[in-house]
Amino acid sequence: MFNKRNLKWLSVLATIIMAFVQLGGALVTKTGSEDGCGSSWPLCHGALLPQNLPIDTIIELSHRAVSGLSLIVVLWLAITAWKHIGYIREVKPLAIISIAFLLVQALIGAAAVIWQQNSYVLALHFGISLISFSSVFVLMLIIFEVDKKYEADELYIRKPLRRLTWIMTGIVYLTIYTGALVRHAKASLAYGGWPLPFHDIIPHTEQDWVQFAHRGMAFITFFWIMITFIHAVKNYSENRTIRYGYTTAFILIILQVITGALSVMTNVNLFIALLHALFITILFGMIAYFIMLMLRTIRSEKIK
């Protein structure tokens, strides 16, 4: 017999596991464990469990195990949600997107191991996995009926905020890509101090340019989210969904900037680097929820 509470717990479990997939991928890259299993996939050094287990192999194996578990749990969630609450318009598309992008993410990860892709291709891996995470995250919010609790199901988002949010989505995604590129191009400590090198602000190497591009995009992202936040709070002060949602997004980008700066200042402290990945993961999940709300508004306009 179907129990809504069980579906809630399943959605929370899937969201947490997907967050660990994101953090695990960041951990693999930050610790240089990409080749921990050699060029074997799905096996590790040609075996299910190799006899020799150095730390890079353990990290890579753990990431693969969590990724495999995420596929099982997300598939379980997608099927259950489809069957029992598929009447909610967004549930079926979100279920399809979560599974599809999880599979694409796995294929890119496998290709990276087997064929050793370049940094610019590898950087797509994190962004694609974020889309899958965001789908699961939004699905969880729907299951918990956040819409009804905060009157989001009756919300009308006017065009100015929609434009600001669409542009914010593109800017944030580009920033995520450049951030992933920083990791894969081994450019975390390139381009000197933060926010700019004191001795020479002109980038010289490819790593310098990658780091420079990421900092530039981060700067644009921070100010654009701040502008969007101010507009949202000023014009939708009566609506808790907008007020709480965009305030959370602004807090997350502040934390993202702080951890980004601390990563440079601490020579990429692993804990800070993982927090950096976690904050952007949650932020993108919030943006995905904003997109769902905007699409509802657009559909309501077409009906009228």
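Placement of Cβ uses the backbone N, Cα and C atoms for every residue, glycine included.
Proximity of Glu60 (active site) to non-local residues of its own chain (separation of 6 or more, Cβ distance below 8 Å) is seen for Val28, Ser33, Glu34, Asp35, Gly36, Cys37, Cys44, given in sequence order. What Swiss-Prot records for Glu60 is active site, and it gives sequence analysis as the kind of evidence.
As annotated by Swiss-Prot, heme o binding site applies to His63, His125, with the evidence given as sequence analysis. Residue density at His125 (heme o binding site): 22 other Cβ atoms are found within 10 A of its Cβ, drawing on all protein chains shown.
Sequence-distant contacts of His214 (heme b binding site), defined as residues of its own chain at least six apart whose C-beta falls under 8 angstroms from its C-beta, comprise Thr175, Thr178, Gly179, Leu181, Val182, Ala187. DSSP assigns His214 (heme b binding site) to a helix. The annotation heme b binding site is assigned in Swiss-Prot to His214, His276.
In three-state terms derived from DSSP, Cys44 (disulfide bond) belongs to an extended strand segment. According to Swiss-Prot, the disulfide bond annotation covers Cys37-Cys44, on the basis of sequence analysis.
The topological domain 'Cytoplasmic' feature in Swiss-Prot is assigned to 1-8 (among others).
When pLDDT is averaged over the topological domain 'Extracellular' (30-67), the result is 83. The topological domain 'Extracellular' annotation in Swiss-Prot covers 30-67 (among others), and the record cites sequence analysis as its basis.
Long-range contacts of the topological domain 'Cytoplasmic' (89-93) within its own chain (CB-CB distance under 8 A, at least 6 residues past either end) are made by residues 81-82, 138-139, 142, 292. Per Swiss-Prot, the feature topological domain 'Cytoplasmic' maps to 89-93 (among others).
Look at Swiss-Prot and you will find 115-123 (among others) tagged as topological domain 'Extracellular'.
Summarising the annotation, Swiss-Prot assigns topological domain 'Cytoplasmic' to 145-163 (among others).
For the topological domain 'Extracellular' (185-215), the residues of the chain that approach it from at least six positions outside its boundaries are 30, 119, 123, 175, 178-179, 260-261, 263-265, 267-268, 273, judged by C-beta separation under 8 angstroms. Residues annotated as topological domain 'Extracellular' in Swiss-Prot: 185-215 (among others).
Swiss-Prot lists 237-244 (among others) with the feature topological domain 'Cytoplasmic'.
According to Swiss-Prot, the topological domain 'Extracellular' annotation covers 266-270 (among others). Residue counts of the topological domain 'Extracellular' (266-270) by helix, strand and coil are 1 helix, 0 strand, 4 coil (DSSP-based).
Here the topological domain 'Cytoplasmic' (292-304) has long-range neighbours at 90, 138, 152-153, 155-157, 162, 165-166, 241, meaning same-chain residues at least 6 beyond its ends whose C-beta is under 8 angstroms from one of its own. Among the features that Swiss-Prot reports, topological domain 'Cytoplasmic' is placed at 292-304 (among others).
According to Swiss-Prot, the feature transmembrane segment maps to 9-29 (among others). Residues 36, 59-60, 62-63, 66-67, 69-70, 73-74, 76-77, 80-81, 109, 125-126, 129-130, 132-133, 136-137, 139-140, 143-144, 180, 183-184, 270, 273-274, 276-278, 281 of the same chain lie 6 or more positions beyond the ends of the transmembrane segment (9-29) yet place their CB under 8 Å from a CB of it.
Here Swiss-Prot flags 68-88 (among others) as transmembrane segment.
Annotation source Swiss-Prot lists transmembrane segment at 94-114 (among others).
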Residue pair His125 (heme o binding site), His276 (heme b binding site) - Cα distance, angstrom, rounded: 17
Sequence gap of 6 or more, Cβ distance under 8 Å, 3 or more pairs: do the transmembrane segment (124-144) and the transmembrane segment (68-88) meet that? yes
Mind checking which residues of the chain, 6+ beyond the ends of the topological domain 'Extracellular' (266-270), have their Cβ under 8 Å from one of its Cβ atoms? 27, 30-31, 188-189
Contacting positions for the transmembrane segment (271-291) when only residues 6+ beyond its ends and CB under 8 Å are counted: 19, 22-23, 26-27, 30, 130-131, 133-135, 137-138, 141, 165, 168-169, 172-173, 176, 179, 188, 245-246, 248-249, 252-253, 255-256, 259-260, 262-263
Length of the line joining the Cα atoms of His276 (heme b binding site) and His63 (heme o binding site), in Å: 18
